[in-house]
Structure formats: C-alpha cells, structure tokens
Amino acid sequence: MLNIVILAAGMGKRMQSDLPKVLHTLAGKPMLAQVIDSARQLSPDRIIVVVGHGADAVRKAFADQTDIEYALQQPQYGTGHAVQQAIPLLVGGEQEGDTTIVLYGDVPLVQPATLKRLLEARANGMAVLTETLQDPTGYGRIVRNDSGQVQRIVEHKDATEQEHKIREVNTGILAAPTAKLKDWLGRINNDNAQGEYYLTDTIALSVQDNVPVNAAQPDANWETLGVNSRVQQAQLERAWQAEQAQRLLVQGVSLADPARFDLRGTLECGRDVFIDVGCVFEGTVTLADGVRVGPHCVLRNVTLGAGTRVEAFSHLEQATAAENVKIGPYARLRPGTVLAAESHVGNFVELKKTTLGQGSKANHLAYLGDAEIGAQVNIGAGTITCNYDGVNKFKTTIEDGAFIGSDSQLVAPVTVGKGATLGAGTTLTKDAPADKLTLSRTRQTTIENWTRPTKKQD
Ligand code: UD1
Ligand code: MG
C-alpha cells in the first residue's frame, strides 16, 4: 500500500498574495496540481493533502478530483506536525513494504522518475531525497557517519558551525515504512531553535531503530526547487520552459528562440515544425508535419494538419485545421472552429462554432459564428453573420461555391444556396437561391445639376 502525503498548509507570506501559495501556477497549472499529477503517476492508494492556510480555497480548487483526501493542520506546528495530521487517513502498515511518501505542495516539479528512484532507495529502510548545493544556506543538512551512512538531519537554525559546512541538503521529500513512520512521529518533540515538530527528526529515530536510511538524488536540480516568492516562481518557470524547449529541439522541432517559448500543457509535433518567437501553447496542441507558427501566437487546445501555417499575432482556441490551411496574421479562431484543407482565414477574421469548407476563403475583416460553410466559398471583406438576437443563437448555412459580396450581413437563420452570389452590402434576411445573384440595396442615383454649398458672404 502506498500513501502520498503532500504538505500544503504553509502560509506563503513572501508571495504577497491573497491566493494560497500552492494555487499559484507553474506552466499554467497550480503548483499543487503539478505535484498531484506527479503523485498519480505512482498509482498510490491514497493522496492526502495537508491543508491549513487557505484550506477552503485549496479544497475548492480541486473539488472535482475525488481521489484526493484532505487533512487539516490548524495551527501549523511544523512539518512533522503536518504529517501527524494525515495519520488517521493513511492506509496499510501491516506489510513491511507499505510506504508513505511525503511531498511538498510548493516544490512543484519533482518528476515521477525521481520519485520511483526514491521508492527503490527505500528498499527495506527509509529514503530521503538529497542534493549537494554550492550554497546550502537555509536547508536542513544531511549528517553522515565516517562510513558515509546517513545519521540524522540537522536544520540550518540548529546546526553547529561545523555542520553548516555540509553541502548535502535535505530536499524535504522522503519515503518511509508507514507503520514505523507513525511510531516515529509519535516520538518527535519541538525542542529546537524554531519550537517546531520537525519531520526531519524521524531520520535519527530510524537510525536508532536500526532501519537503514538511504539517500536518492533527483535527475535535475530544478525538480526540487521550492517556490517561496514570486521571484522564485518566475525563475522556476523559466527553468522548466527551458527544459521543455530543449526537449522539443532534441525531437526535431525548430524554435526560433528557445528562451522565448512557453508551453503550458502538452505539445505534440510532427517532423519539421517551425515555431517563431513569443508563442504560448496551452492545453493539448498537436502540430502535424511541416506546420509553421509565426511570432506571438496563442494556441490553446488546437490541432493543425500538415503544412498549415499560422501567421503572426493569431489567437486559436479549441480549433482544428486540416492540411495546408492559412491562418492569420491577426486571426481569431474561437471554440468550435473547423477549417478544411486549403482554406484561408485572414487578418481580423473571427470564427466561432463555424466550419469552413475545403478551399474556402475569408481573407479580411469578418465575423462568422454558428455557420456551416461549404467548399470553394469566398467570404468578402466585412461579412458578418448576425447569429444572435440577444437571447438565442441561430445558424447560417452557406453552400458550396457561394460568393458573399463585401460588407454583407447574413441575418440567421438563413441559407445561401450552392453557387449563389450576394451583392456587396447585402443584408440577407431570407434564403438566397442557388446560382443566382441576390442583393439588397437601394439603387444608386446621381443628382444632375447639383452644386456644392458655398460659404455665405457677409
Ligand atoms: C524543510 C525541511 C528542511 C529542508 C527544506 C527544503 C523540516 C523541519 N525541514 O525546511 O530540512 O531542507 O524543507 O525546502 O522539515 N508545512 C506545513 N505545515 C507546517 C510547516 C510546513 O504544511 O506546519 C509545509 C509548507 O507549506 C511547505 C513545507 O511544509 O510546503 C516545508 O515547510 P517550510 O517551512 O518551508 O520548511 P523549511 O523550514 O524550509
Ligand atoms: Mg521552505
């Protein structure tokens, strides 16, 4: 049986925020959600979050996630006291292999592979995740004996001058046998510089009970970096983004500048994809072979087919495009946009819940909402579907080969038949028949013998 306890009761004072620290985001996701996602990769029997400061807000943020349990720590008397609050919720303990892992809600990027290594290191004893730092100031130090075995952890504030020189530090993350951990937690006290119950004191108790303590190390340094301030949050964000950019480059994706790239979700790319500077990818984005994304675009839950190009400053959300589609510059694709192969959506064109058929073009200044547009249709500049009467939405259908003249308004529900042409400036309130010219405008007249007014003389 495996328990994962995530400590998230701390105040996070240095964030200078009304939002509980663990709800601040990293790569677009609350830090606590990042930790929970990594925890889930180990298929634990229980995930228990210890909440305190901002407990209600934290619970609310994860209300839809039924695999998470909460222990309330109020007030906060230290990391050992925090884990004590979770004891009633722990499962297992009868078997030697039953394990409890402790993670921190403000150490968001610890990776499943590292946690698996920690579990292996626990073996028949206990395991702590440690790191060797150039500047270990502030951290708990790993004290080993002459034969190199871990003996205890001493907090910076309690350490002697000699111990301050130790550069191997406690990341805070550990794995322990569940039954023994409960016992040790009952034996710790707060007789230390901070008057707190230290989780780290369980290490010395383990050694006392002849339970070996092993140390494991993370794959990368950023995995165990904690966030206590917005400065650290920004630094960790950049470290993580650099990591993701690097991974994509290795996979064969071209990034114009890996330092100006942001992924807040998952990005899957085919071969020879090019991404220009300043783009933000959110949710699940899939780019097929040869896709090019111009500078400063936002793509949120988007799928693009092979050879499709998105030009600068386009904003795409819940949209799909087939092969060789041209989008932008300055296009806005809202949820429910489906673009067929070879179609074009140009500058200042907004689409919502709209299908644009094969080879169809809306190249300039248009709003197309709740519309089904066939193949080889030309949408003139300034065309608007009037899809909303202030209460309900209505559908516009434009059949194959239709030509919509510039500055037309299509008052839905309405259908433009196959091959129909609408004259420029038409306000279409009734269906336009196939293959005919339909227009609604007053006839143009010229007033003969008209002269411009002249300024009156005094
Ligand atoms: C802790 C470790 C230290 C380690 C460091 C790594 C202890 C005693 N010390 O110190 O060895 O080097 O982390 O960053 O464990 N929390 C609660 N309830 C509490 C206290 C803390 O939930 O009563 C949570 C915090 O929200 C935070 C985590 O536990 O997520 C760590 O607490 P923090 O106060 O930052 O511990 P440190 O003093 O940094
Ligand atoms: Mg800390």
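Residue numbering: from 1, along the chain as shown.
In case you wondered, yes, glycine gets a Cβ from its N, Cα and C as well.
Among the features that TrEMBL reports, region 'Pyrophosphorylase' is placed at 1-230.
Taken from TrEMBL, the feature domain 'MobA-like NTP transferase' applies to 5-128.
Taken from TrEMBL, the feature UDP-N-acetyl-alpha-D-glucosamine binding site covers 7-10, K21, Q73, 78-79, 104-106, G140, E155, N170, N228, R334, K352, Y367, N378. Cβ-based neighbour count (10 Å, all protein chains) for N378 (UDP-N-acetyl-alpha-D-glucosamine binding site) stands at 18.
The Cβ of N228 (Mg(2+) binding site) has 15 neighbouring Cβ atoms from other residues within 10 Å, across all protein chains displayed. In the three-state DSSP classification, N228 (Mg(2+) binding site) falls within coil. The Mg(2+) binding site annotation in TrEMBL covers D106, N228.
The region 'Linker' annotation in TrEMBL covers 231-251. Regional average pLDDT for the region 'Linker' (231-251) in the model is 97.
Per TrEMBL, region 'N-acetyltransferase' is recorded for 252-458.
According to TrEMBL, the feature active site, proton acceptor maps to H364. In three-state terms derived from DSSP, H364 (active site, proton acceptor) belongs to an extended strand segment. Of all Cβ atoms in the protein chains displayed, 16 besides its own lie within 10 Å of the Cβ of H364 (active site, proton acceptor).
The feature acetyl-CoA binding site is assigned by TrEMBL to A381, N387, Y388, S406, A424, R441. According to DSSP, A381 (acetyl-CoA binding site) is assigned to coil rather than to any helix or strand.
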Look up R334 (UDP-N-acetyl-alpha-D-glucosamine binding site) in the DSSP assignment and reduce it to helix, strand or coil.
coil
How big is the gap, in Å, between the Cα of L7 (UDP-N-acetyl-alpha-D-glucosamine binding site) and that of S406 (acetyl-CoA binding site), rounded to a whole number?
60
Long-range environment of the region 'Linker' (231-251) - Cβ separation under 8 angstroms, sequence gap at least 6:
15, 24, 26-27, 108-109, 220, 222, 225, 258-259, 261-263, 267, 269
So the record assigns A381, N387, Y388, S406, A424, R441 to acetyl-CoA. If I measure every Cα pair among those residues, what is the longest distance in angstrom, as a whole number?
23
Using DSSP, what is the helix/strand/coil residue split across the domain 'MobA-like NTP transferase' (5-128)?
45 helix, 30 strand, 49 coil
Binding-site residues L7, D106, A381, S406: those with Cβ under 6 Å from an atom of ligand 2 are none
Whole-number Å value for how far N378 (UDP-N-acetyl-alpha-D-glucosamine binding site) lies from A424 (acetyl-CoA binding site) (Cα to Cα):
12
Drop a 10 Å sphere on every Cβ of the binding-site residues R334, R441 and tell me which sphere holds the fewest other Cβ atoms.
R441
